[in-house]
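Copied from TrEMBL, the annotated features are:
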- 1-28: signal peptide (SIGNAL)
- 29-335: domain 'Plant heme peroxidase family profile' (DOMAIN)
- 39-117: disulfide bond (DISULFID)
- 66: site 'Transition state stabilizer' (SITE)
- 70: active site, proton acceptor (ACT_SITE)
- 71, 74, 76, 78, 80, 91: Ca(2+) 1 binding site (BINDING)
- 72-77: disulfide bond (DISULFID)
- 123-331: disulfide bond (DISULFID)
- 164: substrate binding site (BINDING)
- 194: heme b binding site (BINDING)
- 195, 248, 256: Ca(2+) 2 binding site (BINDING)
- 201-236: disulfide bond (DISULFID)
């Protein structure tokens with residue numbers, strides 16, 4: 001009798017678990033392979049477009065990784081950053097999105113997807129897939145990402161005011177990440193996307209020449225080692241906003257843990273990266289990935305970075321046909 005009751009209980013548990021799974025699917029929750037039936041080649045099409053863009057201009061790959069961050073941290077991962085309003089009031093027109101690139105790659109992928117599967121694949125998902133592929137094509141990890149996002153019907157200039165900034169201190173950065181459900185470990189891992197790519201001198205001008213000092217004076221950030229400061233000033237003269245320099249000194253083209261050692265040793269280029277070594281909680285995370293033995297014994301940067309990208313990709317998503325979202329026909333404008 002007891003055995004029979006246990007069997008019935010196990011069967012009921014399995015039944016209710018199945019109901020929960022079906023409910024999740026019916027409500028349009030994110031899932032890996034969301035387009036496997038409706039547009040089977042969707043992920044391959046995006047990967048092909050990203051690969052071609054990277055082959056033509058390798059700097060677009062880090063730009064696509066950055067694009068996911070800029071989309072997800074404003075209203076969630078909803079493609080709102082892709083809207084071009086023409087009146088300078090769209091989200092993308094905010095100065096926090098200065099230098100944002102890769103939008104044409106997203107448009108190119110969308111055009112191919114619309115030709116094959118009209119009205120199926122959202123622009124928000126294309127951003128996520130393109131960033132995932134860009135990570136892999138720079139030598140980073142390959143990983144699955146859940147899809148099923150819908151595109152927003154809103155894109156406001158001022159919404160982007162809340163984006164993390166290169167001038168933010170560690171407390172502000174932690175607060176902005178926490179507001180999006182991300183931990184201090186996520187803050188460090190996602191900042192480590194700077195292991196590839198460059199930045200414009202525009203983003204470090206204040207750190208080099210207009211940094212607030214005691215007594216109301218301004219000058220250079222005193223935490224920058226003198227030799228590195230001279231190196232940066234030689235590359236970025238006062239008023240030079242356009243020259244580009246590596247975010248990961250000596251290793252800009254390789255997806256590796258060098259960025260952590262640069263941050264630890266005072267060679268962070270932008271202020272927000274340097275800030276990661278200003279609080280014990282984030283210092284511990286930086287140090288844990290800095291050691292050469294972490295590659296063999298953990299923590300494992302590549303795996304943890306991939307998981308952090310997936311977590312970021314889940315911020316504020318619109319899912320299901322009952323959500324206040326749509327699947328745009330053209331990524332730069334609402335339907």
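The backbone N, Cα and C atoms fix where each Cβ goes, and this holds for glycine too.
Curation does not apply to TrEMBL; its annotations are automatic.
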Tell me, how many other CB atoms lie within 10 A of the CB of residue 331 (disulfide bond), whichever protein chain they belong to?
25
Could you state the CA-to-CA distance between the residue listed as 'substrate binding site' and the residue listed as 'heme b binding site' to the nearest Å?
14
So around the Ca(2+) 2 site, 195, 248, 256 aside, which residues have their CB within 8 A of the centroid of those CB atoms?
192, 194, 196, 251, 252, 254, 255, 257, 258, 259
What whole-number Å value do you get for the CA-CA distance of residue 80 (Ca(2+) 1 binding site) and the residue listed as 'heme b binding site'?
23
Please tell me which one of the disulfide-bonded residues listed here (72, 117, 123, 331) sits closest to the residue listed as 'heme b binding site', measuring Cα to Cα?
72
Between residue 71 (Ca(2+) 1 binding site) and residue 77 (disulfide bond), how far is it from one CA atom to the other, in Å?
6
Which are the residues of the chain, 71, 74, 76, 78, 80, 91 excluded, whose CB is within 8 A of where the CB atoms of the Ca(2+) 1 site average out, their centroid?
72, 73, 75, 77, 79, 81, 152, 155, 159, 316
I'm trying to understand the geometry here, so how far is the Cα atom of residue 66 (site 'Transition state stabilizer') from the Cα atom of residue 256 (Ca(2+) 2 binding site), in Å to the nearest whole number?
17
Consider the recorded positions 39, 123, 195 and say which one has the Cα lying nearest the Cα of residue 76 (Ca(2+) 1 binding site).
123
For residue 77 (disulfide bond), the nonlocal same-chain Cβ neighbours (under 8 Å, six or more residues apart) come out as 68, 71, 124, 127, 128, 149, 312, 313, 314, 315, 316, 317
Quick note, residue 72 (disulfide bond) and residue 256 (Ca(2+) 2 binding site): C-alpha atoms separated, nearest Å, by 24
PLDDT averaged over the residues of the domain 'Plant heme peroxidase family profile' (29-335)
96
